[in-house]
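As annotated by TrEMBL, signal peptide applies to 1-15. According to TrEMBL, the Mg(2+) binding site annotation covers Asp59, His170, Thr172. The Zn(2+) binding site annotation in TrEMBL covers Asp59, Asp341, His345, Asp382, His383, His458. Summarising the annotation, TrEMBL assigns active site, phosphoserine intermediate to Ser109.
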Amino acid sequence: MRALLLLLLAQLCSASLVPEREKDPEYWRRQAQETLRNALRLQRLNQNVAKNLILFLGDGMGVSTVTAARILKGQLQHGQGEESLLEMEKFPYVALAKTYNTNAQVPDSAGTATAYLCGVKANEGTLGVSAGVTRDRCNTTKGQEVTSILRWAKDAGKAVGIVTTTRVTHATPSAAYAHSANRDWYSDGEMPPDALEGGCKDIARQLVENIPDIEVIMGGGRKYMFPKNASDVEYPHEEKHRGTRLDRRNLVQAWQEAKPPGKVAKYVWHRRELLALNLSRIDFLLGESRHPGVLQPQLAALGGTPGLCWGSWSGQLSPQGCHWLQGVLVSHPEDTGGRIDHGHHEGKAKQALHEAVELDRAIGLATRLTSAQDTLSVVTADHSHVFTFGGYTPRGNPIFGLAPMQSDVDRKPFTSILYGNGPGYKIVAGERENVSAVDFAHADYQAQSAVPLRQETHGGEDVAVFAQGPMAHLLHGVHEQNYIPHAMAYAACIGSNRAHCNAGARPAAPLLLPFLALLVLLC
């Protein structure tokens with residue numbers, strides 16, 4: 001009875017939450033008609049050749065995460081939330097991507113990265129190789145390597161960049177340049193003897209050697225670039241941050257030495273070094289974060305962090321604290337931005353959703369700095385998570401708040417956000433933990449889960465693909481995930497499909513810059 005009364009009270013209260021304008025049927029009719037007019041404009045297809053490609057990848061950003069992030073964004077702006085729009089949701093074309101790996105119904109980030117970067121589906125745990133490669137089996141790799149859209153762009157003479165808020169050698173960005181039977185072979189120090197004897201290369205070495213002329217590389221994981229036990233430049237007394245390489249190579253030095261004579265290559269490891277650079281005089285930039293493993297989410301100042309933002313064309317420091325380097329969008333390695341996946345794995349929904357909002361800020365600024373006439377922008381995810389929110393919450397309910405009812409089984413309240421499995425499973429005195437006795441709004445709160453696991457798992461449902469710009473209409477309906485780079489390459493006249501480039505597709509108005517293919521990988 002108490003639960004029923006609470007539900008009735010919530011329904012009565014929710015009636016007062018409806019904005020006055022929404023009580024008028026004409027409001028909804030006008031909104032629908034405006035949407036219809038915008039849809040009709042899409043009949044005039046943008047068939048220009050894309051001079052720029054931008055891929056934003058929210059690691060673990062499933063559809064439920066997108067929806068919850070939309071509500072959070074609106075509430076951070078002091079709205080009710082549901083009526084808000086993410087920047088990615090303003091893109092005119094939306095598709096769904098099927099994320100399964102060739103040997104896995106619920107995928108991992110390595111197999112999916114191979115799909116949306118290399119255009120080929122692969123086995124779980126493998127990078128930049130076909131499904132003919134078995135995980136951990138170095139001897140199955142030879143001849144099974146597949147190249148990425150970054151390589152296709154480089155072969156066509158474009159400038160390219162990788163920006164990530166995790167390790168540069170992490171599964172998500174590394175499929176752009178590496179071919180590995182195991183996503184965890186960050187350096188030779190993580191490889192088994194048989195793989196080393198078999199001639200397989202670690203991922204950090206491949207970053208330096210496979211495509212040595214990537215213009216911009218920014219992320220974390222610098223310990224994999226230095227000799228074993230070499231002290232870290234910022235944490236010299238902390239053993240966990242020391243170098244890991246058994247071959248005793250300094251890959252940062254190797255990266256610099258591999259550049260052509262007369263070209264300027266700069267390595268930075270701290271924000272102040274980045275800000276001190278004259279970017280107009282730099283040809284190549286390698287930035288590895290002050291957090292040697294991964295970039296730390298800056299959730300402490302909720303809503304007040306600089307976030308993953310973008311700079312102006314001039315190369316000068318913008319008010320957001322970011323730069324534009326030779327047409328390549330560059331975020332500070334200290335900034336937050338894409339660790340949605342890590343937040344979900346830890347059951348920390350607040351961290352995951354704030355990361356998604358930061359990603360969306362970057363998308364918005366990048367959209368304002370480019371033109372849809374010559375820039376194809378694509379936003380997607382590699383996979384989803386077992387994250388959900390529900391409980392008949394009223395309009396404007398805080399996204400991290402309680403559902404307006406108690407369980408009719410154990411008579412305890414519950415938060416709207418829950419996980420199917422993960423570390424949030426807690427039993428207190430033989431019963432489900434009473435969330436009203438804990439600070440469920442805290443940044444480190446682990447939302448309750450149905451099944452206890454140390455780490456929450458990925459989800460297997462399709463993920464959204466948002467697209468804007470030349471040939472964006474090619475991303476529609478339900479696709480296999482490996483279709484994405486093929487559509488992007490077609491739009492830019494790179495890779496294998498180029499017959500249309502001189503017969504039909506129109507070149508866009510010239511930019512101030514050469515062609516650019518940019519992969520923004522937010523992991």
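Note that Cβ sites are derived from N, Cα and C of the backbone, with glycine treated the same way.
Note: TrEMBL annotation is automatic and uncurated.
Note that the structure is a prediction, hence the values are computed from the model and not measured.
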Sequence-ordered binding-site residues within 10 Å (Cα) of Ser109 (active site, phosphoserine intermediate), taken from His170, Thr172, His345, are His170, Thr172
Cα separation, Asp59 (Mg(2+) binding site) to His458 (Zn(2+) binding site) (Å, whole number): 10
Cβ contacts within 10 Å for His170 (Mg(2+) binding site), all chains included, total 27
For His345 (Zn(2+) binding site), the closest of the binding-site residues by C-alpha position, picking from Asp59, His170, Thr172, is Asp59
From Asp59, His170, Thr172: binding-site residues whose CA lies within 10 A of His383 (Zn(2+) binding site): Asp59
Run through the Cβ atoms and count how many others sit within 10 Å of the one on His458 (Zn(2+) binding site). 22
What count of other C-beta atoms do you get within 10 angstroms of the C-beta of Asp341 (Zn(2+) binding site), across all chains shown? 27
For His170 (Mg(2+) binding site) and Asp341 (Zn(2+) binding site), what Cα-Cα distance in Å is obtained after rounding to a whole number? 12
What does the structure give for the C-alpha distance between Asp382 (Zn(2+) binding site) and Asp59 (Mg(2+) binding site)? Integer Å is fine. 6
